[in-house]
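Here is what TrEMBL says about this protein:
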| type | residues | note |
| --- | --- | --- |
| DNA_BIND | 50-118 | DNA-binding region |
| DNA_BIND | 155-219 | DNA-binding region |
| DOMAIN | 50-118 | domain 'HMG box' |
| DOMAIN | 155-219 | domain 'HMG box' |
Amino acid sequence: MALLRGVWGVLRDLGKSGMELCSGCGNRLRSPFSFVYFPKWFSSTLGSYPKKPMSSYLRFSKEQLPIFKAQNPDAKISELIRRIAELWRELPESQKKMYEDAYKADWQAYKEEINRIREQLTPSQMISLEKEIMQKRLKKKALIKKRELTMLGKPKRPRSAYNIFVAESFQEVKDGSSQAKLKYVNETWKNLPSSQKQIYIQLAKDDKIRYDNEMKSWEEQMIEVGRSDLIRRKMTKGIGEY
């Protein structure tokens, strides 16, 4: 749906809203180009690289989101975006054209600036630059994906018995560095009697049941809003069999 696909474009342009929704999203995905050496001139070249202009819908959303947020301070971002999408669909074509014309003008300026920068590069620099751009796109794509799943409320994966034990025991170890604490907790786990380990094994089983139930409900919601691309293959196959 255009509604959900456009959410993160709006949040990115608004600034910290997206980061607030996904604090602690995890480590960045390593790029297959991470081993490539890039000369110093890349920083200045990429730094001057223009950003792609916002589409007409995203431009409209960026204008409307602060207004809707002020009028509905307790509403979720996803609900505000849904209302903005409805407003956009009902907008007269004459008003939509204003945003579309602005996008076309920005796109033309964007292409001209890209061509100007590329004309100054040698063929070898162009190849290296394309690799660097690909690297940044992969990182950005991974980050946006994590943010989107967080915003859509995807359930947290179940923890193993060991992970539950570490989370519970780590804070209780007061002395030493984090590495030393983890080593101590790991040794404690190895020497833990089977009867005590069974407690954490049962907690892990309970967490797996929690995860399965939450994922089933979440995936049904994703199907309802047209995001079957986020559904696990097994469930997608099962749906088609009915």
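Glycine is treated like the rest: Cβ placed from N, Cα and C.
Keep in mind it's a predicted model, so treat the numbers as computed, not measured.
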Mean per-residue pLDDT computed across the domain 'HMG box' (50-118): 89
For the DNA-binding region (50-118), the number of residues DSSP places in helix, strand and coil: 56 helix, 0 strand, 13 coil
Secondary structure content of the DNA-binding region (155-219), with strand meaning DSSP E or B: 49 helix, 0 strand, 16 coil
